[in-house]
Structure formats: C-alpha cells, structure tokens
Amino acid sequence: MSDTPSLTLSALLARRDWENPVVTQWNRLAAHAPLHSWRNEPSARDDAGSARRQTLNGLWRFSYFTAPEQVPQAWVTEDCADAVAMPVPSNWQMQGFDTPIYTNVTYPIPVNPPFVPQENPTGCYSLTFEVDDAWLQSGQTRIIFDGVNSAFHLWCNGQWIGYSQDSRLPAEFDLSAALRPGQNRLAVMVLRWCDGSYLEDQDMWRMSGIFRDVTLLHKPETQIADYHVVTDLNAELDRAVLKVDVTLAGAGFADGEVVFTLWRKGEKCASVSRQPGSAIVDERGSWAERLTVTIPVETPALWSAETPELYRLTMALLNPQGEVLEIEACDVGFRRVEISNGLLKLNGKPLLIRGVNRHEHHSENGQVMDEATMRRDIETMKQHSFNAVRCSHYPNHPLWYQLCDRYGLYVVDEANIETHGMVPMSRLADDPRWLPAMSERVTRMVQRDRNHPSIIIWSLGNESGHGANHDALYRWLKTTDPTRPVQYEGGGANTAATDIVCPMYARVDRDQPFPAVPKWSIKKWIGMPDETRPLILCEYAHAMGNSFGGFAKYWQAFRSHPRLQGGFVWDWVDQALTKRDEDGNTFWAYGGDFGDKPNDRQFCLNGLVFPDRTPHPALYEAHGPQQFFTFTRVSTSPLVIEVQSGYLFRHTDNEVLNWTVARDGDVLVAGEVTLAMVPEGTQRLEIALPELNAGPGEVWLNVEVRQPRATPWSPAAIAAAGSSGRFRLRSLLLRQPRRRAAVLTQTDRILEIAHRQQRWQFDRASGNLTQWWRNGVETLLSPLTDNVSRAPLDNDIGVSEATKIDPNAWVERWKAAGMYDLTPRVLHCEAEQHAGEVVVTTQHVLEYRGKALFLSRKVWRIDEQGVLHGDIQVDMASDIPEPARIGLSVHLAETPENVRWLGLGPHENYPDRKLAAQQGRWTLPLEAMHTPYIFPTENGLRCDTRELVVGMHQLNGHFHFSVSRYSQQQLRETTHHHLLREEPGCWLNLDAFHMGVGGDDSWSPSVSPEFILQTRQLRYTFSWQQNP
C-alpha cells in the first residue's frame, strides 16, 4: 500500500489502521537484503563503515500518552511541553513509562481480534537531525527502523510518511521528498497494541518502543535494490557455483553494469561483470531490472558451524562511464543443506543439532540487544558445545545473523507469528483475513535474511495451531527457497507444513496422547507408519530454575537413533528485569513485580544462564551429554580408552587429552596426549596404571579434552566443549586404629556421651541429638532431625500458568499427604555402654493428623576415636507419594569460610543431572555452595560424596549433601532471592536419597522413574567427627 496523500493526525486516528488486519503498512519500501551503498571496494570488502549510512541512535524527545487520541495535532510539528529525553533504541517501560507485562499464553489484552483496547499506551518520539547537503541534490534518502513495537506512524517535517507494524522486521521509508537543508524533524507515534499484537503472543515480556537501530541510508538514483546469493555444490563437494541474482532500480539502470568480485581472506578469487536483463521467463519477456551471474569456484572452503569458512562478495554498480555508483557486499558461505534418507544433512553429513532457544532479552535494556551481549551469548554457547540456535520466536536483530555466520552457529530463523492465547490456537491461521499479515511476516523475513549461510532452516512461527495460511506459506517458502527445509511445530509437529518432525517437550520413552495433537515418545515417533522425516525437537529440556534433569537420557537416544537429530533446549537466558526496591537496591524481577496484570510470575525464568549471562548449573550439564567427544573403556588390563570425535568437518588440530588417575581425589599419575583424528575419527590411549592395592579409597580415571590455543570463541586451554569422562577403577576400605572409649551418662531427660574434649546430648523426649560440644563450645544450633521434603522446585510446583494449580504436581501431592507439616513422635530412645563405645538407639514416627507416614529407626554409635556413626532405616507408608528426599538436617553453629568434599563437583548436581560433574576433591567458599536462583528453591546439592568437611565437621560415607546459609523453610517461604536473609551458622542437609529434579517440562511430573524412590524402605550409614 503506497502513495496515500498526506493526512492530518485526526484523520489517521479515525482510520484506525492498527485495528485492520489487512493493513500492515502504508508506503513502506519492499523488503530486501541489508544494504550499505559503499563508495569504494576496499570498504565493502572489509565490511567497514559506509559514509552513506548515518545512525540516528541517541537521545530523542519523548512524550507519553495513555491513548493515541490524546496526542495533540501540534505534536506532529513541535514537541509537547512535557517532552523528555528518551534513548533510542530502548523500551519505554525500561525508562519509567508504562508497565512491562509478562505472560506466557494469556494475551495481555482482552481477546477480540482485530480490536485492541481504547486505552492504548502511545509513545511520541521526535528527533531533529541534519543530512549531508549532497544527499539533497540527488539520490534517495531512506530511513530504516530495525524494530518498533508494535505499530507506528511516521512524519518528517510535518509531512506524513507512512505506517508500519510487525515488531521484529525492518520498516523502511523514502524520506527524499520531505527532507530540506539544515534541520529536519522526525516524529514517530508508536502504539503499544495493534491487530498485529494478536500475532505476537510469545512467552516473553510485552514491551514497547523503538527498540532497535534507526538509520538513514542514502542510495544513488540508479541503485542496487536487492540481491540474493545461492551456493551450489557438486556431489563430491570439490566444486561449487555461486549464483547471484541482483535487482536494480532507478531511471538509468538499463545502461549500468554490475561487477561481481569474490574475495577470500582479502585476496581476489574471481570476478565477472554483467549488464541488466534476465533471460526470458514467460510469453511477455524478461525482467529488465534483474540480472544473474554464476561464478564457478574450484575446491571451495566449505562453511559449517565447526568450520565457518567465509568468502566476501562485492557487487559494484557502474555507470556507462565505468564510474562506481555504489557497492553492496555480503559474506558468502559455501554449504549445502538437504534432507535425504530421512536425515537433515549439511555438506552431505547428517547433523546432530546441539541447539538452544534464545529470546532477545537484556535485564537492564529489555529487548534491546547490543553487540557485546550478542557476542557473549554466542561465545558462551560454543564454549558449552552448542552448535545451533533457534530465534525464538521472531526474526532477530540483523547483526545476530552475521555473527552466527562468522562464529559458526546453525540458525533456525523464525517468523514473528504466535497465537498461543487464541481458542482454538489455529483461529487466525485458518482465517483468510489474516493471511496478508501472516504472509508479510514470513516473506519479509526471508527476503531480509536469505543470504546468511548460518540459516539452515526456516520456521513458520510458534504455537499458532495449524491452518490453511500455514500451508500457503509453506508452499511459498518451498518455491522461493528450495535450498532450505521448513519446520513448524503447530498442529502437532506432524502436518504437511513441515519438513521436519519438530515436537516440543516430547519424552524419550513415554507417549503423551493428547487429543488431536498427540506427542508420541521420540523413539516411537520415528518408527510410525509412513514417517520418514527427521525428528528435531524445537523445544525440550525446560530449564526453569533448578531443573534440567534427564537431559542425558535425550542424548543417549539421539546418539543411538540416527533420525533423532537433536533439538533446541528451552531456553537461553532468564527473562528477569532489573528493578529497584524501596531502599534503592537492585534485584531481578519477574512477572507481577511491576504490578502487571495478567502475569505468569516466574515462568519467564527458564534460562541456562542468569540475566547477567553467568551460568546456571544446568549449562554445565548441557555441556556434558552433547559434547563433541565421547569416551569408551575398551579394556581394563591393560587400561585402554577410546576417544570418538563428534566433529563432522574438523580435524582435531587444536585438542589435547588430559588424563588423571586419582585415589580419593589425590592424583596418582597423570598424562597428556595430543589428539590427531580425522572428522568422526577415533583414537585409542593405553594408560599405564600404578599399583592400586597399596592403599584404601576409590580410584578414578578422569579424562578431559582441552584446546591449547585460543579460538575466536574461546580463550586458550578451555575444555573443548566440556569434553570429559570418568571411570571408576577400584574401591578399597580403610580400618581405623582403636583409641580411648566413649563414656555414657544417663538421666530421665537426657543421654550424654563424653569422649575427651567432646560431649553429645540426646534428648529422651524428642529422641534427637540436640547438642554436640567440643571444648565446652556448642556446635549445633538445632537438633539433628529427619528430613523428607525440599523447598519446591518449579518442576515440583508444576504450574505453567500462575492461575492454575495442578493437583498431580509433586508439591500438591506432598502438601496433601502432609509432608510439609509432619509431627515427629519418639517411640524409643535408649543407650548402652559397651567396652569401647556407646550405642544409642532411637525410633520415631513422622505423623500428619495422626497418621504415620514414616518410621525412622536410628542406631548411633560413638566409637573409641570419638566418631559418631549413624545407621538409619526409614520405612514409608504404602499409600503416600514418594518423598523428595530421605535424609537428615541440622543447623551448624560454625560459619566456615570454605567447604571441602570428595565426590561429584565442583558445581551443583542432582541424581538426574550429574553427567557433567567430575569425581574429585573440591574446595569452594561457603557462599558458592548456594545457587542464587531468582525464585528461591531447593538448591546446591552435591551427589555421590564420600567425604565432607564443613569447618570442624567431617562426614564420611556415601551420601548427597548441601550446605547453605538459608534454611529450607526460608527458601520455601521466600519469593525472590534478594529477600533471603543469611542465618547464623549454616544448614547441613545430608541425603541418602534425593529425587531427581526433572525437566522434560515444568508443568507436568517429569522426573524419570529411576530417579524416584522405588522402595518403601531405605537404609543408610555414615560417620561424623569433629576435627580440632
């Protein structure tokens, strides 16, 4: 839609374009590849700045209104008296205006498409700027808005220029006729809601404003309007043809010539020129303004995420005198994407997608993404074995794709379409009135991004059901770009609108037979009749808070079933926003913290990294199963380890394998071997072991691959994609020498045992160890008690929408059974003096409303060394849900500086999330033992521990543990991490059993059966001593 006469503000408002799904723009220029109009070839070749691009980022003037009708007519030509400075790009909600709203599924406005509320927050921006006088003499001056949420009208010097919507793709307008010498004034009226908001119901914060770059671009009268590159490889991949289609514009294009030059590392590879005019395409002739060239390339360096080899293509438009009018340029990656034999392949090899979903989110800047944050995201992803990213759920900032090209990441580029809150979800997708809007969101994305080699898959959007509009857009995509597959999950991931079976949150082995959209287990799915497509999970492993359990199980399936080709973890970063409390201190806020209604509370906290991009423990776990190296013990005598490279295209030219053999964490022997493997190759290593019978303890072999030299995405000596493995070699026990006997003293109220400088006190009324003195100093702040519950995880809560409670969720079952309100009752508490030791036996029943849920029998033995030995048996009622844990809890008086342990570490790990942890002897500061999840939950566990030292306390056995300044009760009752208050001493939780955290999703019970207590009786032992 174009060439509409200039209208008054009141006339534009009366027309209400923002409530008409057929109207998506007025006067917006056609979509195209990014343009720069360089003046010389070296600048274009080197991707230097272009003098014909002028940024308008900076401080604009801004006035806020609660509805567009409140904007005065005079604002079009002059600022309002209350105008303030507003940074561009930014979201105005992050600058103190209006309220950010977080919802997952629920629309933030009443559902009545295409209409939006009368109260429609409106931001009025203005900027005074100047342009080069030469720009006014000839050529075309455009303005490019890379992202405005959600719709806007544009004026220049009081003249209405046009209108646009679609928050995530550029809106470009021709300003030439409106510009004048000296100062010029832009006015942009941005509406928070428009009919397009019904297509933008993504799981994210709903914010507004000019949140991406604003740029002026000057083009000559005769110009390159667009270009499209395609690389074609022969079967042997040793010869390629670069095909380039160019579209020219302007009155004189017919007399022009385009010179194409292909560069690699600054050196010219090939050059060819062509005049405009295509081959005849139909009975009416040819495209006069188009031209096509093909450039053969011998032995091309191929692009992949592992080897992001890039060429540079420059396209110089010359006038009849041979003078350069302008040059456009882009990176070129030679690669072939295809689906054949049921497999997604790149350059002939089946891919294994180590992917993650990524929202554009910044805790302080909202949806504004700067280059440094983009680079940090990519570098962190690659350092943790990720090779792919899904742009969930909209086209990203244009710089993102260039960085993915250059660093090496496979990209799923996704259209800005989601109608999750509609009932049914497919309501708009099956309505032809919404086809134009949906179509522009797909076609314009492709026209902007199709030259990027990193983009290997197009996506039609997310969670919008399945309708005829999807089928139409799928066919357009397959016709326009046959070089890439298309994926779309809506309608059950099994429709004709997708080349890939791409379900979300399908389980490895368990079916979810939902009506109309069943989710079969992924192993079953690829074996369904007539199903020949690859399966790649568009979302899986929901990393909400303390989650990500069972991730390794997916990777066991991916590695053993070729057509299970990986997936995209949900998701990259916790979508929390920085907020200040009443005292001016900053904290990370989630849904509802801004008074936003509706909201879905902490459901925005699903990241592998915190908002500041520091890692969650789950990131390390992702690092492990999807690593590029796997290790197999081939034989034990001699000890031979085989290393398998998962690189498809890279030789191991920067990898060394470090190995250590350690007894109880103490290194016995170590070595290093340079790896020299071809892609997908193997290498065997024989390790000469020392004599292992010389002492007690467990002996482990740890292996790890490191990269000695720095890479573009990692520093030197980093663990190569976290590639590590561990193998138990031997376990022996040590007998302790005999020393002085412990002495028992009894009264009606207490049992007291003394051994040298130590005294233990058991209270007969409670049956608990209530105090432990050393040198007369109390070391306990609470009794040692049974512990069967945990501060609920998000996965335990099992609520995907804050207004709904799932009675099948673990926490609801535990609450109903009374596990958070147990009353212990002592049945037995007696002690006996033996020759060298004292034995205390106790028996407790843990009751809820008079019903016995647990029976705990304990035998405490204090031996000649002053060591407390515990032998505990716990029996459970047959009709109660399986508990979160079985163990003990105590509040220690000491606040140690460090915690030391022998077991899995160093980071937090849980029974179903411990593959990336290493066996070793670890030391961490006490504060590092706590994981600061924004929504407080159970955290900080370390598994498979054999020795623990917390200050003077040393515990031995085989157990899991956590040490924290915060009690489980405080964690359970606190809504935000910054509200936690450190308690004196520290809390020690000692677990014989701890249920997995789950994570297949966060709204249904997802802990695998093997990580749920399978027996109704559990016995465990440990020893505890205090060291001077």
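Yeah, the Cβs are placed from backbone N, Cα and C, and that goes for glycine too.
Residues annotated as active site, proton donor in Swiss-Prot, with sequence analysis given as evidence: GLU463. Here GLU463 (active site, proton donor) comes close to ASP201, HIS393, GLU418, THR419, HIS420, MET425, GLU489, GLY490: these same-chain residues lie at least six apart in sequence, with C-beta atoms under 8 angstroms from its C-beta.
In sequence order, ASN357, SER392, GLU489, MET504, TYR505, GLY567, PHE568, VAL569, TRP570, ASP571 are the residues of the chain that are 6 or more apart from GLU539 (active site, nucleophile) and have a CB within less than 8 Å of its CB. A strand conformation is recorded for GLU539 (active site, nucleophile) in the three-state DSSP classification. The annotation active site, nucleophile is assigned in Swiss-Prot to GLU539 on the grounds of sequence analysis.
Reduced to three states, the DSSP call for TRP1003 (substrate binding site) is coil. Feature annotation from Swiss-Prot assigns substrate binding site to ASN104, ASP203, GLU463, GLU539, TYR540, ALA541, HIS542, ASN606, TRP1003; the stated evidence is sequence analysis.
The annotation Na(+) binding site is assigned in Swiss-Prot to ASP203, PHE603, ASN606. The DSSP secondary structure for PHE603 (Na(+) binding site) is helix.
Among the features that Swiss-Prot reports, Mg(2+) 1 binding site is placed at GLU418, HIS420, GLU463. Of all Cβ atoms in the protein chains displayed, 19 besides its own lie within 10 Å of the Cβ of HIS420 (Mg(2+) 1 binding site).
The 10 Å shell around the Cβ of ASN599 (Mg(2+) 2 binding site) contains 24 further Cβ atoms across the protein chains shown. Marked as Mg(2+) 2 binding site by Swiss-Prot on the basis of sequence analysis: ASN599.
Taken from Swiss-Prot, the feature site 'Transition state stabilizer' covers HIS359 (among others), and the record attributes it to sequence analysis. Other Cβ atoms within 10 Å of the Cβ of HIS359 (site 'Transition state stabilizer'), summed over all protein chains shown, number 22.
Here Swiss-Prot flags HIS393 (among others) as site 'Transition state stabilizer', drawing on sequence analysis. Summarising the environment of HIS393 (site 'Transition state stabilizer'), the number of other Cβ atoms within 10 Å of its Cβ, over all protein chains shown, is 25.
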How far is it from PHE603 (Na(+) binding site) to TYR540 (substrate binding site), counting Cα to Cα, in Å?
-> 15
For HIS542 (substrate binding site), just count the other CB atoms lying within 10 A of its CB, please.
-> 24
Remaining residues near the recorded Mg(2+) 1 site, that is with C-beta within 8 Å of the centroid of the site residues GLU418, HIS420, GLU463 | VAL105, ASP201, GLN202, ASP203, HIS393, THR419, GLY421, MET425, GLY461, ASN462, SER464, GLY490
Between TRP1003 (substrate binding site) and ASP203 (Na(+) binding site): CA-CA distance (Å) = 15
Hey, how far is HIS359 (site 'Transition state stabilizer') from ASN599 (Mg(2+) 2 binding site), Cα to Cα, in Å?
-> 18
Spatially speaking, which of the binding-site residues ASN104, TYR540, HIS542, ASN606, TRP1003 is closest to ASN599 (Mg(2+) 2 binding site)? Use C-alpha to C-alpha, please.
-> ASN104
Write down the Cα-Cα distance for ASN606 (Na(+) binding site) and TYR540 (substrate binding site), rounded and given in Å.
-> 11
Applying the rule Cβ within 8 Å of the centroid of the Cβ atoms of ASP203, PHE603, ASN606, what extra residues of the same chain belong around the Na(+) site?
-> ASN104, MET544, TRP570, ASP571, GLN575, ASP600, CYS604, LEU605
Let me know the DSSP-derived helix, strand or coil state of GLU418 (Mg(2+) 1 binding site), please.
-> strand
For the binding-site residues listed (TYR540, PHE603, TRP1003), most other Cβ atoms within 10 Å of the Cβ sits at TYR540
Please report how many Å separate the Cα atom of ASN606 (Na(+) binding site) from that of TRP1003 (substrate binding site), as a whole number.
-> 12
